[in-house]
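As recorded in TrEMBL, the features of this protein are as follows:
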- 7-25: transmembrane segment (TRANSMEM)
- 54-74: transmembrane segment (TRANSMEM)
- 117-135: transmembrane segment (TRANSMEM)
- 155-174: transmembrane segment (TRANSMEM)
- 194-219: transmembrane segment (TRANSMEM)
- 231-252: transmembrane segment (TRANSMEM)
- 272-300: transmembrane segment (TRANSMEM)
- 308-411: domain 'FAD-binding FR-type' (DOMAIN)
- 528-555: transmembrane segment (TRANSMEM)
- 567-593: transmembrane segment (TRANSMEM)
Amino acid sequence: MSSMAVFRLILVVVFLGWLVVWIMLPTKLYKNTWTPKLNSKLNSTYFSGQGTNLLLLSCPMMFIAALGCIYLHAKKQQRSSYSQSVVTSNRLSFLRRPALVMAPLGTVTAMELAFAAMFIALLIWSLGNYVYVSFGHLHIHKQGEKVWQTKFRTVSLRLGYVGNICWAFLFFPVTRGSSILPLVGLTSESSIKYHIWLGHLSMILFAAHTVGFVMYWAVTHQMAQMLEWSRTWVSNVAGEIAAVLALAMWVTSSYRIRRKMFEVFFYTHQLYILYIVFYVLHVGAAYFCMILPGIFLFAIDRYMRFLQSQRRARLDSARLLPCGSVELTFSKSPGLYYNPTSILFLNVPSISKLQWHPFTITSSCKMDQDKLSVAVKRLGNWSQKLCQEISSSVDRLEVSVEGPYGPNSSHFLRHEQLVLVSGGSGIAPFISIIREIMFESTKPNYQAPRVLLVCAFKNSANLAMLDLLLPINDTPANISQLQLQIEAYITREEEQPIADNQKLLQTIWFKPNQLDSPICAFLGQNNWLWLGAIIASSFIMFLLILGIVTRYYIYPIDHNTEEIYHFSFFVLWDMFLLCACIFLASSAVFLFLKKENATEGKQIQNLEVPTPTPSPGSWFRNADRELESLPHRSLVQATKVHFCARPDLKRILFDCKASDVGVLACGPRKMRHEVAKICSSGIADNLHFESISFNW
């Protein structure tokens, strides 16, 4: 058995063991038999009542996160030892086929549907067992309380317990530099929908929990309980504050508000910090340990992102397209690695110091060793202000970045043919894919997949987006070697515009500044081992300091005096130590990597600003024009433009006769759903669908 197989086996066994604990947790066997034995051995003077949950529910996932970093590093080294990309097996490809396509769930694969069903089954199982065990030992809290009232309170309480299960998984999908998601072939972008699903589900359960208790207090004449902050038990006030914060975030995170009033959604969602604090104050230290791994890993990721964002990125140039879009090109460290369809988060302080927006990377890290480009289209207020500021002849633009984030492998290369379906700005991730294939095709004996790009635009000016297929620098880009076919559809114009009205493509070069630095490789797939070191060291440090504080500060108060240590103070210690340990470990690694990356920085020489040149996109309007550039000529020859038409996606996809066709769709939701339904119809077994969506 290979070392990689041993790693996988260990990770699977530990994860299954962690799931078994969650399954057994609500049962009578666990409560009456396992709990007394576990508590007697694990709830020591060093961890008080947290020992059992720390060992069974926190440590396994932290172990997987740390060991997973070593596994991903070894896998990356193994992949880089081959001259060609590793081809993945298609034996289980049917599990990745769309099984359900409907709003608001979107496109759900058979595998996602199966895991969602198992998760719902876990929630039902947990609630049923919690209620069954509780009804067998009802506790009357008030004299004269009726049995139905006690049962109603019990059910309301257990709904909160079940909601806690959702919280145990809630933060994994939004941990961008996670080592958990790549282990199962996911990215944070593709997993956002799981965070949304879990958010809706937990909100429903916690709302039922809160309303149930308010109704119980009302019918038993105990409304004063709403103002209680108990010294020896959970705080009702903290739970109510958390419920109000959760409601505000939930309402403003609806799809329409996110699309039309992004700032409202963004700023309201920052309340998650207060929500976590009051939620944890409500549930207590022992239950906090149940959801600790997700919060711990998210906190590490969030702090590392904060450290990276404090550096100003070196913006070299901006390529203004006639359609109003702009391609920003940054300097990057040669050691920075990312895969096609990755994204980069941008912040421009002159526009907003708080807002971060994700944009698709259009460059290939293999083709452009020291450059990184992103495409920005004028859609919202923020992007419009950015384009206006760039067009105003500024010498320098301060930009901070987070990322890049993206898939762990170039899995699309395994297909015999690729069909890329885009609408509007959805073409951006496909630019990086085509550039990657363009580079790979230069290798000897490499068989590049045939590529069919189907793109729909509102007007012919947007054809300029195809210009981004050709890099801005002098990197060799012989597009003629590709088996590339582009079908461009103009939906709102009936004929070709007059060629004399063609606009110019303009490239703006920014002056270098010593305060700016190239985008460097920090964590994630660029430094898995360092991320593993941060996770392991910070968690071990947390356990050690927590044990010392509990044993030599909290324990003497509880056992050597008549005073009872405040219930909420346990939680405050947990949260403070968690943040302190993450701060120390992450800062030390960041400073080391910063010093190491500083040696790789390159001096930028002043570049003369070139004069505006005709956009190759305009040449599609006048194909008879003499083309002096071979790449541009090849691009035009590969492109067929259809005016006043929409693509017949069913015909296009069913005409693909290759045995293995990868179908990627990016753009409006309706278009992605249509492509998914065609691929899942069962008529063509050779179609393998994948949706790329950044509509959070």
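Cβ atoms here come from the backbone N, Cα and C positions, even for glycine.
All annotation found in TrEMBL is predicted automatically rather than curated by experts.
Per-residue pLDDT, averaged along the domain 'FAD-binding FR-type' (308-411), amounts to 84 for this model. A contact between the transmembrane segment (567-593) and the transmembrane segment (231-252) is present, since 3 or more of their C-beta pairs, 6 or more residues apart, lie under 8 Å. The listed stretches are 117-135, 231-252, 272-300, 528-555; of these, 528-555 has the most Cβ pairs under 8 Å to the transmembrane segment (54-74).
In the domain 'FAD-binding FR-type' (308-411), the DSSP tally of helix, strand and coil residues is 14 helix, 38 strand, 52 coil. Contact between the transmembrane segment (117-135) and the transmembrane segment (231-252) is not supported: fewer than 3 Cβ pairs lie under 8 Å, counting only residues 6 or more apart in sequence. Non-local neighbours of the transmembrane segment (231-252) in the same chain are 199-200, 203, 206-207, 210, 213, 225, 264-265, 268-269, 271-272, 274-275, 278-279, 281-284, 564, 566-568; each lies 6+ residues outside the stretch with a CB under 8 Å from one of its CB atoms.
If you look at the transmembrane segment (272-300), the same-chain residues 6 or more away from its ends with a CB under 8 A from one of its CBs are 48-50, 53-54, 57-58, 61-62, 65, 160, 164, 167-172, 174-175, 178, 180, 233-236, 238-239, 241-242, 245-246, 249, 531, 534-535, 538-539, 542, 567-568, 570-575, 578-579, 582, 586.
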